[in-house]
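In TrEMBL this protein carries:
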- 39-65: transmembrane segment (TRANSMEM)
- 77-101: transmembrane segment (TRANSMEM)
- 208-226: transmembrane segment (TRANSMEM)
- 333-349: transmembrane segment (TRANSMEM)
- 355-372: transmembrane segment (TRANSMEM)
- 392-412: transmembrane segment (TRANSMEM)
- 424-441: transmembrane segment (TRANSMEM)
Amino acid sequence: QINFVACQLFALLAAFWFRIYLSPSHASSAVRHAFATLFGIYFAVFCFGWYSIHLFVLVMMNYGIMNMASIPNIHRYSFVVAMGYLTLCHISRIYIFHYGILTTDFSGPLMIITQKITTLACQLHDGIGRQAEELTAEQNRLAVKSRPSLLEYLSYLLNFMSIIAGPCSNYKDYIAFIEGRHVHMKLLEVNWKQKGYDRLPDPSPTGAVMYKLCITLVSLILFLTLTKNFPMEYIIDNEFLDKTPFLSRLGYLYVVTQAAKPKYYFAWTLADAVNNAAGYGFSGVDERGTFRWDLLSNLNIWNIETATSFKMYIENWNIQTAAWLKRVCYDRAPWYPTALTFILSALWHGIYPGYYFTFLTGILITLAARAIRNNCRHHFLSSVPLKVAYDVVTWAVTQLAVCYTVAPFVMLAVEPTIKFYKSVYFHMHILSILVLLLLPIRPQTHSVRRAQNQAMLNSIKSK
């Protein structure tokens, strides 16, 4: 943890230096690629020692696949090799280290590299191996038309801004950033003459970085105070279960889940700030004319804490991983995209049984929440009081459903998970099954989604 924080703080300083002294106007793309790569490799070795060899082995294995595999199969081979290697490393942590978390735990960076490898392989397959008519509008925008050079490939996967804590970004966005086109491309989407500008503005990330560092500091304080004082394990303590009523246990479950969040808020917001400090992460201008630096943001804290649906919560938590799951699995799955996406997410996280309890429960609750929303929500939109009442109830249910779902993710093992679910009478499982049995379900088939995507693409072409 100390190495992680030290590396990220040093990366933050290096990122400011990189943006000022190695900007595209001062250095060539090759120099920027080389610097980002070498510093990334140094951070990996500093943090993980000889364990970092796993990162480099996986990177080079997939570079060979990317250059030797046929384009129709490049995404399949890359996916199998990257996920297979990651899974073997996850298995070693369980059977060799017996559920222990290594002090030099290299699995985090390996998970990010796996995301990037599979993302690039899919986008390369889209750009070379498929026709434009077969792609969604997003796939067309992100499609890669040629294989990257070794330096570009290493820079994308191992750059110092994201090697420790991510996030995963799209290859074309990263290359545009290195080449100095990243901000310019987003600014061209706005008519600046109508806003009184005679030339394109030059947005600075400094304000966004300072704001995110403030969130990081608050998250760190909360982690050091709340997290250790409200351990998740207490919800299955025998004395607690014997003396605490059911509703009070649910309330405490909400508290301990809230206490577990600050470490994620800290790590992801600091990683976002590092990328912004380097000048990466500009996402455009909002309706108020404010420059946005959230292209790589991994969470939206306000939307998480005020989420009124399971879907809204998931979409604002670990955003870049959700985007990766959508691009490599959900949009490409021939059937059962929701179930397959949850299963891939569980496999990517590791092989602790608690992960599978969480994601399999997530499938059930997601389908039930979708059925309730489709069948009931429109009845509460006729007046403001009804809508407010609906939002309050759905907020409370959503927060409790999330707590119920993620508890095994924190506890990891089978025994505490079963003990926890028994203590709360499997109530969310039972309610979700009843909802799915009683309410009609209107699934969106893969063919319907493909037709909608094609309609969107045709609309864009016509413009």
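Each residue, glycine too, has its Cβ placed from N, Cα and C.
All TrEMBL annotations are machine predictions without curation.
Remember, predicted model here, so these are calculated numbers, not experimental data.
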For the transmembrane segment (208-226), distant same-chain residues with Cβ under 8 A (at least six beyond the ends)
258-259, 262-263, 265-266, 269-270, 272-273, 276-277, 281, 291, 293, 301
The transmembrane segment (424-441) and the transmembrane segment (355-372) contact flag, 3+ Cβ pairs under 8 angstroms
yes
So if I exclude everything within five residues of the ends of the transmembrane segment (39-65), which remaining residues of that chain have a CB under 8 angstroms from its CBs? That is, six or more out.
3-4, 7, 10-11, 14, 74, 77-78, 81-82, 85-86, 89, 102, 104-106, 109-110, 113-114, 117, 121, 150, 153-154, 157-164
Mind checking which residues reach the transmembrane segment (355-372)? Cβ under 8 Å, same chain, six or more beyond either end.
309-311, 314, 338-339, 342-343, 345-346, 349, 398, 401, 404-409, 412, 417, 421, 428-429, 431-433, 435-436, 439-441
